[in-house]
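See structure below.
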Amino acid sequence: MAIETANNSVEKRTENQSQMASPSSFCLLAVLLALVSWQAIASDPSPLQDFCVADKHSPVLVNGFACLDPKYVTADHFFKAAMLDTPRKTNKVGSNVTLINVMQIPGLNTLGISIARIDYAPLGENPPHTHPRATEILTVLEGTLYVGFVTSNPNNTLFSKVLNKGDVFVFPEGLIHFQFNPNPHQPAVAIAALSSQNPGAITIANAVFGSKPPISDKVLAKAFQVEKGTIDWLQAQFWENNHY
């Protein structure tokens, strides 16, 4: 009887300890699941099917586009006669970016890639800008380009290079970068691939001085340490988009 009583006492203590440990174990499990979930959504997910052609008329709101029923998909959903071999007219900053993304090719939906042809007039530039959702890899097809990107605070280090025909350069995702044609007589052409179906572009000057409504000139004068009149003059300019 004494042995049986002792065993029962041990079992009850074990049961009580298990019950006491349950809340902490549950919390630990919840934390682990949260960490795993965070890692799972830290980057774009891989496609779960062969393709997901964008259904631009779907009322369903998702991050990207809902999938078109595969039975309605044709080869044309993966094609565009973009004529990227044809020179483009440049704007007043001397460049023209012809972007082919999911809006032009619905088959790019969920595939995480797009492409652009960039034309540069003599002494033209693709001004400082960022792609909030993509890394860019650029190759020069014709001419010469001076290119570079700037790292984030606090160092703001400039990495720059002069590229010639056939050279390749990479611009990391989200960092401010630019391309400039230093030749006063010859145009230049480049092709860029971007790691998003919709990389986005924020041209720094356009965003800061051409926002709608405008940012307060007091704010910008303080930020750039210049007179308000200088800011007013900059905001009065026409900040033309070079992405078409």
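In case you wondered, yes, glycine gets a Cβ from its N, Cα and C as well.
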Per TrEMBL, cysteine bonded by disulfide to Cys52 (from Cys27, Cys67): Cys67
For His177 (Mn(2+) binding site): intrachain residues, at least 6 apart, with Cβ closer than 8 Å: Pro128, His129, Thr130, Glu136, Val147, Gly148, Phe149, Val150, Phe171
Pairwise CA distance, Asn126 (oxalate binding site) versus Cys67 (disulfide bond), rounded so that it is a whole Å: 34
Cα-to-Cα gap, His131 (oxalate binding site) vs Cys52 (disulfide bond), nearest whole Å: 23
Spatial neighbours of Cys52 (disulfide bond) that are distant in sequence (at least 6 apart) but have CB under 8 A: Phe65, Cys67, Leu68, Asn109, Thr110
For the domain 'Cupin type-1' (82-232), the mean pLDDT of the predicted model: 97
